[in-house]
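Here the structure is laid out as structure tokens; the discussion comes afterwards.
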Amino acid sequence: MTIINSNLGYPRLGEHREWKHLLEHFWKGQLDNVTFHATAKKLRLANLKKQRDLGVDYIPVADNSDYDHVLDTLVAFNAIPSRFGHFDHQLDLPDYYAIARGTDTAVAAEMTKWFNINYHYIVPEFDDVSFKLLDNRWLRYYQEAKQELGIDGKPVILGPISFLKLGKRHGQYLDDAAVNELLPQLLPLYQQVFEELATAGAKWIQLDEPTLVKTTTVAELAPYQTALEHLHAAVPSLKIELQTYFDSLDQYDKIVTWPIQALGLDLVHDHGENLAHLVDHGFPTDKILAAGIIDGHNVWASDLQAKLALVQQLRQIVTDDQLWLQPANSLLHVPITTKNETKADPVLLGGLAFADQKLAELHTLTVAANQGVAAVQAVFDHNQANLTALNQSSHRNNQSVRAAEAQLSNQKFERQAPFATRIKLQHDRLHLPLLPTTTIGSFPQSAQVRAKRAAWRKGNLTDADYQAFLHAETKRWIKLQEDLGLDVLVHGEFERTDMVEYFGQKLTGFYATQNGWVQSYGSRGVRPPVIFGDVAYTEPITVAESVYAQSLTDQPVKGMLTAPLTIINWSFVRDDIPRAQVQNQIALALRQEVQNLEKAGIKIIQVDEPALREGLPLKQRHWQAYLDEAVYSFKITTTGVQNDTQIHTHMCYSNFADIINTIKALDADVISIETSRSHGEIISAFEQTGYDQEIGLGVYDIHSPRVPSVAEIEANIQRALRVIDARQFWINPDCGLKTRQESETLAALKNMIAARNAIQAQLTTSIH
């Protein structure tokens, strides 16, 4: 009897972002369809071959995508919104991308976070849907791997219940009644996919049902069980690996009895609950336990001794031929390899493991389990030495940080006066009109901006020349903002590659990777910083840029910071101390930056917390602790200023109805929220609960290249004003504008100002 290993999914971007560049060249018309598909195939096959070379026994296929796997699923099953047309065949690339990116006449499909991590998926729309199988992509990619590489892969498909539950009908996520209504129409198509795979020789299929971890009652299990019983009965020769991840299964004892041949459990992010279920209830002798023992969305090297001890514990529950070792979730959410991190501190590098290194760890653990540790003793010894060196390093033992942490309990973090008092002082100081306009922070980073930054980083541009260029670009955009008629300006953030990475480069305890790219949405890659040590403030981060921008105009320019929780939610966070401790270290550092901005004369300071909602634990029983920690760290950051300094915050891509009280507890003077793609859900939430502070609900979607009309923006503003007093309301886009083209940005902002002016003229009330 032998233990084997399995992978759940592999990163798409490419080791040097080849996939990203492929998509963007196609969108710009620089590639034809034939070249696109040939290049995409080359990348797919290279990824499969690499996994085979790294010793993966069961290699996933069809986990690749041309944009997003949920989009792939809705396109395959014809859940295509009617505004994009009607189809009876596999979509060509322009039609496929229109759904994700929008067109001049059709608004892009909504995009939101994939569970509680920084990946975005396209939200299916099930209004008047007529399911049919337009493309069995799972069969195509299974056959490709088999024919080209001789790999008998494991097709990966999003399960029918998760597919439905991740989508919306009439603007609302589907409840169980809606799922039960649509499931009979969808199941025959899944059955067809399964049948065609079985006919082609597939032995296993990985059926991802990630929403299963969010079920808490037996009643919620019914549609999952119905689907699995149907599929197994219809295609008994195709073995089903029911894969879950990101948390534990509350109804494990029921789920494990279903007609599946393998159950994939997350043993990393489960709060220890899945392992407790296994110990308490055991595991059926006729199924495979696919044990997710390697962290698939953090970058730390595993403690191989501890992981092998876990494997030995699992061997007390199942036999070796019942045990697969695998990542806890798809490796889509980590960078590809550490081999390109040539500038990293060797002590840090020894503690890192990206996708390829994680697969190597799996192989090592598989060998150790089957042949004994002696077969890989050198690898184990090297692993322990690396982990010890990192944990004992000065990076993780900063005594000044420890002293500051020790004083936290002795301090009260509240603004000096209540909001009603503060806002009057701020109005007197700022002299803003009714319905003030602003943007969220960043402006388009042109090819020239990126080229100058790259040249500077390579040493081909002096510091002085680079600074002169940044000043020129800032000056140009201050003038553009004034000409547009914006009321509160921003400096544009041309010095920043990323709203989190930039801060990581300025604080201790962070490592900015050279090539640690992960997919955020579509072709957009981000390089999350690695928080590997104690975080401390050493010098001003944003003050010089903000002061320079303010010197160019009499209008207020916002200082722009990223809040602690977003920094850790969008970073790879050290796992040797609690996340809340890291969060508070960052807050203490940023508090000094906020105070330095105020001392430099900046009147408005925006502390962005876009990732607050998305980072919520999947199970509600864990929410309150998370939210309390979020409020606490935000207040550490923002409460050290005077009453007439206005604190803004921004949030995006989230459903806020269930955290309105937390938003209020932040006590920000002004909050801006992304709303355009969520079709008014957030407006409804504020209508139900009320909100006293000032607020900007994004009036147009920046994630699409289309330019909204004045009438469209006016309608969005008018809808918000039915719920929110005009004296509280700000006018702004959804999010930052870094990824947009300059022409799109200027046209959209021009229309936004025109819409504001038209509505402003209709209002007789003034807040000043």
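Positions of Cβ are set from backbone N, Cα and C atoms, glycine also.
Swiss-Prot names Arg17, Glu18, Trp19, Lys20, Trp570, Glu614 for binding 5-methyltetrahydropteroyltri-L-glutamate. Of Lys113, Lys479, Lys506, Lys664, the residue it gives for the same site is Lys113.
Annotated L-homocysteine binding in Swiss-Prot involves Ile440, Gly441, Ser442, Asp608 plus, out of the candidates Glu482, Glu493, Glu495, Glu501, the residue Glu493. Zn(2+) binds His650, Cys652, Cys735 as Swiss-Prot records it, and from the list Glu629, Glu674, Glu712, Glu714 the residue named for this site is Glu674. Glu614 (5-methyltetrahydropteroyltri-L-glutamate binding site) sits 18 Å from His703 (active site, proton donor), taking the C-alpha atoms as the reference points. Neighbour density around each Cβ, counted as other Cβ atoms within 10 Å, peaks among the binding-site residues Glu18, His650 at His650. Taking the mean position of the Cβ atoms of Ile440, Gly441, Ser442, Glu493, Asp608 as the L-homocysteine site, the remaining residues of that chain whose Cβ falls within 8 Å of it are Thr439, Val490, Met499, Met560, Gln606, His650, Cys735, Gly736, Lys738. Around Arg17 (5-methyltetrahydropteroyltri-L-glutamate binding site), the same-chain residues six or more apart in sequence whose CB sits under 8 Å from its CB are Trp517, Gly525, listed in sequence order. The number of other Cβ atoms within 10 Å of the Cβ belonging to Ile440 (L-methionine binding site), over all protein chains shown, comes to 26. Among the binding-site residues Glu18, Trp19, Lys113, Trp570, Glu674, Cys735, the ones whose Cα sits within 10 Å of the Cα of Ser442 (L-methionine binding site) are Cys735. In three-state terms derived from DSSP, His703 (active site, proton donor) belongs to neither a helical nor a strand segment and is classed as coil.
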